[in-house]
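This report refers to the structure that appears directly beneath it.
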């Protein structure tokens, strides 16, 4: 027992020593006050337009829903919830890490980022698995590829992700630093060892396993058959999610191991640069569905043509009105 207590004591001392000197380095993060507001601003504008348009198509124009449609609809909801939170982050970084919106809103904003990140990963994985089963096992998988199963899977994904990300409400906090209120995207120094363990488990469960599943689906499929959807999903994983998870893991480990300041600063810059890439999935998801689904493309083209025709009809109608009447008739078009 004394030996066990000795081991535990040394472990506790190691963690305390590490997080007590966690911030011995003063990192130059001025670049993020320009980079992040610009990147998040672009993601907000493009993501809001594309996802609002996608939700409009799904809700008012999509007559027959398939399993893929249900997954993409849930993906659009997740993206929209995250995108509408971005103006607060844009303001925060533009004001050089000064958070005026309160502790509760800080926790909600950080939760929405990770919730969207892992919802996107799991829904895209479901789309890839659905595609793989439909092509490689068309008869055997009929009972698993129906709309009812897709709805059940979607509900389970929301429950899993929200449950797994609930600790973010505990870890993400605000801190008053000489008048500047910080909104931690990780956690305060005292909680960092626990946060590192939690973050590592989540990365393995909700990123490593899904991306391995998508890669396996890609490798097992007959190259002669249609694999465009899985290739697109794999590209999104590689471009958006992989750099973020790699740089974040390196930064967290360096921070815990108390490495040299120049190494820590380099890893911090890499991590901050890849964060907008992870957010960019909110813009890519609607484009992904547009590229992969012929029916969706036809619907969008049809809606655009209808809008164009209505605009032309209104212009013709206005041009037919005598010039004298135009001065007194208000233009309501």
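Quick reminder: no glycine exception, Cβ is built from N, Cα and C everywhere.
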Looking at 11-33, 149-171, which stretch does TrEMBL describe as transmembrane segment? 149-171
Is it true that the transmembrane segment (149-171) and the transmembrane segment (35-58) have 3 or more CB pairs under 8 Å, sequence gap of 6 or more? no
Given 35-58, 70-93, 113-137, 232-254, the one sharing the most C-beta pairs under 8 Å with the transmembrane segment (195-220) is 113-137
